[in-house]
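A quick write-up on the structure given underneath.
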Amino acid sequence: MMAALYPSTDLSGVSSSSLPSSPSSSSPNEVMALKDVREVKEENTLNEKLFLLACDKGDYYMVKKILEENSSGDLNINCVDVLGRNAVTITIENESLDILQLLLDYGCQKLMERIQNPEYSTTMDVAPVILAAHRNNYEILTMLLKQDVALPKPHAVGCECTLCSAKNKKDSLRHSRFRLDIYRCLASPALIMLTEEDPILRAFELSADLKELSLVEVEFWNDYEELARQCKMFAKDLLAQARNSRELEVILNHTSSDEPLDKRGLLEERMNLSRLKLAIKYNQKEFVSQSNCQQFLNTVWFGQMSGYRRKPTCKKIMTVLTVGIFWPVLSLCYLIAPKSQFGRIIHTPFMKFIIHGASYFTFLLLLNLYSLVYNEDKKNTMGPALERIDYLLILWIIGMIWSDIKRLWYEGLEDFLEESRNQLSFVMNSLYLATFALKVVAHNKFHDFADRKDWDAFHPTLVAEGLFAFANVLSYLRLFFMYTTSSILGPLQISMGQMLQDFGKFLGMFLLVLFSFTIGLTQLYDKGYTSKEQKDCVGIFCEQQSNDTFHSFIGTCFALFWYIFSLAHVAIFVTRFSYGEELQSFVGAVIVGTYNVVVVIVLTKLLVAMLHKSFQLIANHEDKEWKFARAKLWLSYFDDKCTLPPPFNIIPSPKTICYMISSLSKWVCSHTSKGKVRRQNSLKEWRNLKQKRDENYQKVMCCLVHRYLTSMRQKMQSTDQATVENLNELRQDLSKFRNEIRDLLGFRTSKYAMFYPKN
């Protein structure tokens, strides 16, 4: 009788040979018996099946008729289908409110009690606010927050408090999943907008926490990474709602209560770009590379030189060359009159970048001249005196060191060392300092003449020349960071940096393999040398190559390293071996052959694959990576801490002297009665300005939030998910319309009535 509920299947066109044979007609070896090993529930009656089917189809009158005619009580309203769903659960899933009200009227309230079924879709510790946040439902969260709901604060992964220890001991998986659910709730854009006064700052902090959690709980790495990306995209989308430069200025210059404040900059209404610096600190590449943010940065970068971008290429080149040639004159003009119109133009970040670059190119030119003016007569002097060009180089080095010291003072050690450019500058300046210090020591201690081959291997002059060579290499490599400003060379420079990081990972594996084979070959051949002359043979520099190259650890390392580049012509089989050395030669050949396979073939190809992956990763996000790196470089020129380039920055400027006198006078006046009153008025003015800025920020943030919500609603209406929801609503409306038509026509049956037993 129930067969009519399902569409019939026509098997007339199917041959009997294509159908599976019954177990009775086949041997036991040809069939496999199937048995349901799961929990077997009691079979529902016909009325119960019709009852659940009517609830699923939204047939209000069929459900009402079944409930009204259930006088004998043979209908179990708590019955469930094959999926374990009862009538109320099915009705809630289909959002049939009229049927749900009908079920509640007929005594189904007990079905609405807290469900203790382990097969339910959510765990018992998931609150409604968590589910609403998971769905990112702004309206439901608004209603729930009016009821003063609360969320448990997630503890750290390694927390050893009593509660965490008890939960871990009881069920560690459930504890980890609950922490993930809490963070999925906290990362909801709707919840962040409703509960946070500064949604952008909260998104930054939350993404950093999630990134750290992904490294600790590697089992849920993908989940935490996706949540961190969600927070980053939310901050980016919120910034994208800004419609003018004024709103961008308010957002990017906002300083939270936890950040240090620049009181002088606040009173002078200077741009500190605190929020942008914070975004770079939290590695918010999506936020920094957003179009609105980049356009605002371009405006600040060029400043009063805004017309430079619209000039032809030839005029741009002429402008850069003119500034690059006359940079000493421009520096002196700024040193004398920093507040003049000409001084303000020089203070523009773009002009500062060109002047600093020209100063550094001059320093590199002096390094080239150093090798050209080298005095051959002092070649064998053990302690040569410093030349004039040495003193010029020392001035530049002192200026660069002073610039690094100022940056270290204002940024802090942690932020200073995070920049690879600062690390390279620190190493380079340290090498130059050590070079000239050793030269001074050698000049004061040694006054003799002797051939260089007779000098001690660690003579101060020789060590100074070696350090100077390394410093020169780093000086030219420092030019790579200037490529960041170019849209063509910038992505290549970023890719090279990522490749160097991957090469460091590869180096750990390669050194282990090299050390392993070096130990084996050294132990095999350390007693095989025949004479002292052959024992002195090291590396690939032997005139008579033999396996005596492997007699020492250092020699074996050199040989195996150059073997990768086919530069170590090492004899694997000794042609002049005596009786009993065949096994030794064979074992050596096997070890070297294995090394060739592992390193030359496998590890080398692995390195190529890693470098290719790194390059492709940067290429896939080329625009984002380049704009983020360029913003980091630009920000270093936005403040007024290092306006003058080396060596002019070591000269005390009138501006610095005025600041020192002003600070000293304020300190002296602060101990007088008038000074204290003036200081109180200044603090009051500063607080009023800070409060006004905070109020403006909240107004702008409210506008951004409302625009973001409007944008999200428009996107939801154009997605497939919104289409499905609209179809469900249409289905419910049609069901209600059908029921109303039946009510008007007095028709109380449905298409399933033929299967219901009549009275």
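Heads up, residue numbers simply count up from 1 along the chain you see.
Placed from the backbone N, Cα and C atoms, the Cβ positions cover glycine too.
Swiss-Prot annotations:
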BINDING   HIS155, CYS159, CYS161, CYS164  Zn(2+) binding site
COMPBIAS  15-28  compositional bias 'Low complexity'
INTRAMEM  312-345  intramembrane segment
REGION    1-30  region 'Disordered'
REPEAT    83-109  repeat 'ANK 2'
REPEAT    124-146  repeat 'ANK 4'
TOPO_DOM  1-311  topological domain 'Cytoplasmic'
TOPO_DOM  346-352  topological domain 'Cytoplasmic'
TOPO_DOM  371-388  topological domain 'Extracellular'
TOPO_DOM  406-421  topological domain 'Cytoplasmic'
TOPO_DOM  442-462  topological domain 'Extracellular'
TOPO_DOM  484-502  topological domain 'Cytoplasmic'
TOPO_DOM  525-589  topological domain 'Extracellular'
TOPO_DOM  611-759  topological domain 'Cytoplasmic'
TRANSMEM  353-370  transmembrane segment
TRANSMEM  389-405  transmembrane segment
TRANSMEM  422-441  transmembrane segment
TRANSMEM  463-483  transmembrane segment
TRANSMEM  503-524  transmembrane segment
TRANSMEM  590-610  transmembrane segment
Number of helical, extended and coil residues in the topological domain 'Cytoplasmic' (484-502), per DSSP: 16 helix, 0 strand, 3 coil
Among the ranges 353-370, 389-405, 463-483, 503-524, the one whose Cβ pairs under 8 Å to the transmembrane segment (590-610) are most numerous: 503-524
Cβ packing number for HIS155 (Zn(2+) binding site), 10 Å threshold: 15
Mean of the pLDDT scores, which run from 0 to 100, over the repeat 'ANK 4' (124-146): 85
Intrachain C-beta neighbours of CYS159 (Zn(2+) binding site), sequence separation six or more, cut-off 8 angstroms: none
For the transmembrane segment (353-370), distant same-chain residues with Cβ under 8 A (at least six beyond the ends): 320, 323-325, 327, 330-331, 346, 389-390, 392-393, 396, 472, 475-476, 478-479, 482, 485, 637, 645-646
Neighbour-count leader, CB within 10 A, binding-site residues: CYS161, CYS164: CYS164
Cβ-centroid neighbourhood (8 Å) of the Zn(2+) site, HIS155, CYS159, CYS161, CYS164 excluded: ALA156, GLU160, LEU163, SER165
Distal contacts, the topological domain 'Cytoplasmic' (346-352) - CB-CB under 8 A, six or more residues away: 300-305, 308, 323, 330-331, 333-334, 338, 634, 637-638, 640, 643
Residues from the same chain, set at least six apart from the ends of the topological domain 'Cytoplasmic' (484-502), whose C-beta lies under 8 A from its own: 353, 420, 610-611, 613-615, 617-619, 622, 625-626, 629-630, 632-633
Same-chain residue ranges lying at least 6 outside the topological domain 'Extracellular' (442-462) that approach it to Cβ under 8 Å: 379-386
Residues from the same chain, set at least six apart from the ends of the topological domain 'Cytoplasmic' (406-421), whose C-beta lies under 8 A from its own: 281, 478, 481, 497, 632-633, 636, 639, 641-642
For CYS159 (Zn(2+) binding site), the three-state class that DSSP assigns: coil
